[in-house]
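For reference, TrEMBL has these:
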- Lys25, Ser184, Asp185, Thr225, Gly226, Gly227, Met228, Val229, Thr230, Lys231: ATP binding site (BINDING)
- Ser65, Asp152, Asn164: substrate binding site (BINDING)
- 288-367: domain 'PUA' (DOMAIN)
Amino acid sequence: MRANNMPSAVTDRSQLPQAGRIVVKVGSSSLTTVGGGISEEALGGLVDQLAAVRNAGVELILVSSGAIAAGLAPLGLARRPRDLARQQAAASVGQGLLMARYTQAFGAHGVTVGQVLLTAEDLIRRQQYANAFRALNRLLNLGVVPIVNENDTVATHEIRFGDNDRLAALVAHLVKADALVLLSDIDSVYTGPPGEGGVRIPRVDSATDLEGVRIGSAGKAGVGTGGMVTKVEAATMAAESGIPALVTSTANAAAALAGEDVGTWFSTRGGRRPVRLLWLAHLATTQGRLVLDDGAVAAVGSGLRSLLPAGITGVDGDFEAGDPVEIADRHGRVVARGLVNYSAQELPRMLGRSTHELALDLGPHYEREVVHIDDLVVV
Ligand SMILES: Nc1ncnc2c1ncn2[C@@H]1O[C@H](COP(=O)(O)OP(=O)(O)O)[C@@H](O)[C@H]1O
Ligand SMILES: N[C@@H](CCC(=O)OP(=O)(O)O)C(=O)O
C-alpha cells in the first residue's frame, strides 16, 4: 500500500511483478459460456492464475462480474433482462452461486476469499468510504482475497455504476493499489472494434494516444455491459489518480502479472486525486449548467481559482446546493464540472455581482464561492 498522494511506484508493465497490491477486474464475457451461465472451466483457469500470484505474496482484490449471468439459468431466463427488477433478482440468485464457485476454486489452492458488495455511495461518501477501506484493508492483512461486486440487488438506477470497470477503478483508488488489471475476452484495446481491422494499442500515456480510436460498447452475446468504452474510462480514471492500469484478456492474466508485453498499458498521469473529484470527472450525472464570461473561463480553466458569481452569465437546469453541474463557456463548450454551493433558484439574482456586495445585500451566507476550487475539476 502506498502513502497518500504518491503515484504508484510501478511505472511500466515490466514492473508489475514488483507490485505489492493489485486490483484485478474480470468481466462477465470472460466467465460465461456462449449459451449463458458461468463456465466452470473459465473461472477455474482464472483462479489458477490468480491464486499463484496471491500465494507468491501479492495482496490481491478481485472485482468480479457475473452475478446476473449466473442467475439467468436458475430463473429460466434466456438472456440478460433489461429491467432493473429482474436484473436485481438474477443478481441475488447468481451472486451466491458465483461466490460458491470462487470459494471452492480458490480453496483448492489454500486461498480464502471474502465477499464484498459495494454501492456507488459506499465509495463516494466520506464515512462509508473510510468504512469500506477499513474492511478491505483488514481482509488483505489477513491474507484473504476480497471478491468485490456491485450490490446489484439494492442499487437503484440513480446510484448504480452498472459496470464493474469503473467500480474497480474506484476500489483500486480506495485501497491505494499499485496497479489495476482489467480482464475481458479481448487481449488489448485496438484502434477499432473487432472485425474492423484495428491494430493493438500497446500503451496510452495521454488522451492524445486515443485520438481517432473507435471504441465500441458492444460485448459478446450481450453478457458484458460496458464494452471497451468503460474499460478505457476506468483505466483513464486510475491513471489520472496515480494508479497504472493494464487492459488485457483473461487468457493473458498470468503473462500480464508476470510483466510480459501484453495488453494496453495506461501509464499514470499525476498523483492521487480525492475520490470526490474522480467521481465528479467521470461518474457524476450533472443536474444543470453554469455559463461563464471569458474572464471566468480563464480563471476556472487555470485549475487554480474558485468560481465566483461575478463571472457567471447564465444558469440552466434544476439543481440544489451540493449537486454536480457542468461549467461552460459562452459557446456551450464544457470547461469544468463542479459541486455548486447554491440552488438554481438562488443563483439568478447573484449573477455578475461581487461576493462582498452580495454579503452586504443578502447576508454573510452569500459570501461563499459558487463552486469552490476543491469541488471543481477542469475537463
Ligand atoms: N476498440 C476496441 N478495442 C477492443 N475491444 C473493443 C473495441 N471496441 C469494442 N470492443 C469490444 O469490447 C468487448 C469487451 O467488453 P465487454 O464484453 O463489456 O467485456 P466484459 O464483460 O469483460 O466487461 C470486446 O469483446 C470487444 O468486442
Ligand atoms: N454487477 C454485474 C456486472 C456488471 C458488469 O460490469 O458487467 P461486465 O461488463 O461484464 O464487467 C454482475 O455481477 O452481473
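Quick reminder: no glycine exception, Cβ is built from N, Cα and C everywhere.
All features noted in TrEMBL, drawn onto the structure.
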residue: Lys25; record: ATP binding site; DSSP (3 states): strand
residue: Ser65; record: substrate binding site; DSSP (3 states): coil
residue: Asp152; record: substrate binding site; DSSP (3 states): coil
residue: Asn164; record: substrate binding site; DSSP (3 states): helix
residue: Asp185; record: ATP binding site; DSSP (3 states): coil
residue: Met228; record: ATP binding site; DSSP (3 states): helix
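The sparsest Cβ neighbourhood within 10 Å, among the listed binding-site residues (Ser65, Asn164, Thr230), is found at Thr230. When Cβ neighbours within 10 Å are tallied across all protein chains shown, the highest count among the binding-site residues Asp152, Asp185 belongs to Asp152.
Checking the binding-site residues Ser65, Asp152, Asn164, Asp185, Met228, Thr230 against ligand 2, the ones whose Cβ sits under 6 Å from it are Ser65, Asp152, Asn164. Taking Lys25, Asp152, Asn164, Asp185, Met228, Thr230 as the candidate binding-site residues, the subset whose CB lies under 6 angstroms from any atom of ligand 1 consists of Asp185, Met228. Same-chain residues at least 6 positions away in sequence with a Cβ under 8 Å from that of Lys25 (ATP binding site) are, in sequence order, Leu62, Val63, Ser64, Ser65, Asn164, Asp165, Leu167, Ala168, Leu180, Val181, Leu182, Leu183, Ala234. Mean per-residue pLDDT, taken over the domain 'PUA' (288-367), amounts to 94. For the pair Asp152 (substrate binding site) and Thr230 (ATP binding site), the C-alpha distance works out to 18 angstrom. Within 10 Å of the C-beta of Met228 (ATP binding site) there are 26 other C-beta atoms, taking all protein chains into account. Binding of substrate is attributed in the record to Ser65, Asp152, Asn164, and the widest Cα separation among these residues amounts to 11 Å.
Summarised by DSSP class, the composition of the domain 'PUA' (288-367) is 27 helix, 23 strand, 30 coil.
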